[in-house]
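A.B. asks: I have a structure here, written as structure tokens, and I will follow up with some questions on it.
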Amino acid sequence: IMSSSMTIPVIDVQGNNFKELWAAMVIAIKTSSFIAIDTELSGLGSRKALLSESIEDRYKAICHAARTRSILSLGFACYKKLDDKDDSTYLVQVYNLTLLCSEEYIIEPQSVQFLVQHGFDFNKQYAEGISYYKGNDKGSDAHGVNMRSLFIELLRANKPLVVHNGLIDMVFLYQCFYAHLPDRLGTFIADLSQMFPSGIYDTKYATEYELRFTASYLEYAYKKCKLENSKAIAGGGNGSHVFLEFCKYTGSMQSYIDYRPCLDNQNQDGALNICVQFSAYGWCPNGSQCSMSHDTDLIIQQDEKIREDKRKKRKRKNKKKGSQGPTEACSSPQGKRLHFEETELDQAVPISEHQEKTPSSEPADATHAFEPEKADSKNGNEESQPEASSEAPVRPKEKKAEGGTHRAGFDAFMTGYIFAYARNLSENTEESSTAPLIPACLNKLFLSGKSLPLHVAKSTFSKSSKAHVHKMEYVWGKGTAVKPEGTA
């Protein structure tokens with residue numbers, strides 16, 4: 001159950017238990033209210049191309065990365081809303097799949113370094129990774145127990161899909177488990193809108209434009225949502241709150257679970273100096289060697305203090321004027337990042353995290369290797385805790401455990417939590433089963449450095465790709481090109 005500190009069970013899926021866990025994964029997918037996804041990639045290629053001014057050029061660069069690199073692990077978190085409970089209570093199941101592409105692919109040294117620093121086990125990946133190939137189907141591989149079939153189950157379930165800074169994730173998922181990517185962005189978007197008729201939601205977009213937190217990298221957004229939710233519960237009041245429940249795993253399942261502690265350290269006195277770049281982006285070029293603190297709890301605490309000081313100052317001013325000041329909201333993420341607009345794009349940013357893409361300084365968000373925001377945000381998790389302190393020999397060990405090989409799974413969990421929190425805030429009293437979960441964020445993918453999102457909708461000028469039309473016939477049966485919106 002949700003308290004400010006909790007332990008998240010992440011189910012570790014690899015070649016030796018994939019078949020055994022297949023039925024449980026498919027049931028979790030089919031019975032969920034929404035599914036959050038995250039990937040770890042082997043690289044992203046040129047950071048500059050990934051942040052190209054032209055979105056079409058940006059898409060081409062991400063396609064090139066997806067065709068030449070690979071997904072190393074896939075995390076998905078199934079959130080099932082329990083209607084018989086008060087508030088917004090979800091049963092959550094988190095899976096982390098270790099994968100091994102059977103074809104040659106590029107692996108970038110800085111991505112490997114970043115993943116290893118955060119506990120990714122490449123020996124395990126090569127020994128036990130679930131095999132898959134990229135591009136179009138070969139023969140009858142869409143049947144049977146494999147990644148292509150699992151992706152088909154995800155599509156057939158027709159659930160809202162939730163990502164964080166997810167354009168790169170979506171391009172890689174398409175190329176690795178679905179079909180050969182179309183050359184044009186318009187075609188890809190047309191295909192996506194039919195593949196996920198219940199909608200795609202990007203929590204990076206939701207954090208920046210709906211929640212308007214001071215920063216929007218994944219770990220920051222997650223911890224801030226958790227803090228706000230805990231404060232609301234402690235304060236009582238009539239509002240609805242988010243609560244989580246997890247399954248109790250028994251028998252052989254227990255040996256596959258990585259219990260990930262998610263602790264709140266809100267008793268820090270702020271004695272450590274905070275790394276300004278990490279605070280803004282969730283990423284720092286010095287990584288674990290940085291002498292400043294990367295502790296997200298500390299960063300949020302500092303942001304809360306700054307916000308409170310500003311509020312008091314305004315209150316004093318308003319008292320003098322005798323006027324009512326504007327209501328208080330978090331300052332938007334852009335403010336924090338202003339100092340870094342000139343940062344070099346080609347820094348070796350971690351790839352594993354889909355760094356959140358943000359303006360110019362953040363690398364692209366794909367594999368998460370280079371977008372500072374995404375990478376950080378997703379990876380920030382692991383990074384932030386360990387870095388936070390210079391105190392102990394024990395610390396590095398904690399850091400590793402924090403990240404472990406289950407980063408994609410835990411990042412998917414955090415992504416889903418942000419969505420559950422934002423959904424609860426925007427909840428509609430007369431909700432219908434077909435209504436968008438967060439209408440203002442439906443089918444809007446965050447674009448680094450752009451004020452407008454990428455809208456996932458079929459345009460009158462774009463046709464679906466041939467490979468996609470063929471796959472849709474397989475998913476829904478011939479004659480129904482696409483299942484109607486909102487049906488489950």
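Easy rule for this one: first residue shown is 1, then count along the chain.
Quick reminder: no glycine exception, Cβ is built from N, Cα and C everywhere.
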A.B. asks: If you look at how TrEMBL annotates this chain, which of 37-65, 240-268, 269-297 comes out as zinc finger?
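C.D. replies: Checking TrEMBL against the ranges 37-65, 240-268, 269-297, the zinc finger one is 269-297.
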A.B. asks: Counting by DSSP secondary structure, give me helix, strand and coil numbers for the domain 'C3H1-type' (269-297).
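C.D. replies: The breakdown for the domain 'C3H1-type' (269-297) reads 11 helix, 2 strand, 16 coil.
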A.B. asks: Can you work out the mean pLDDT of the predicted model over the zinc finger (269-297)?
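C.D. replies: Computed over the zinc finger (269-297), the mean pLDDT is 73 on the 0 to 100 scale.
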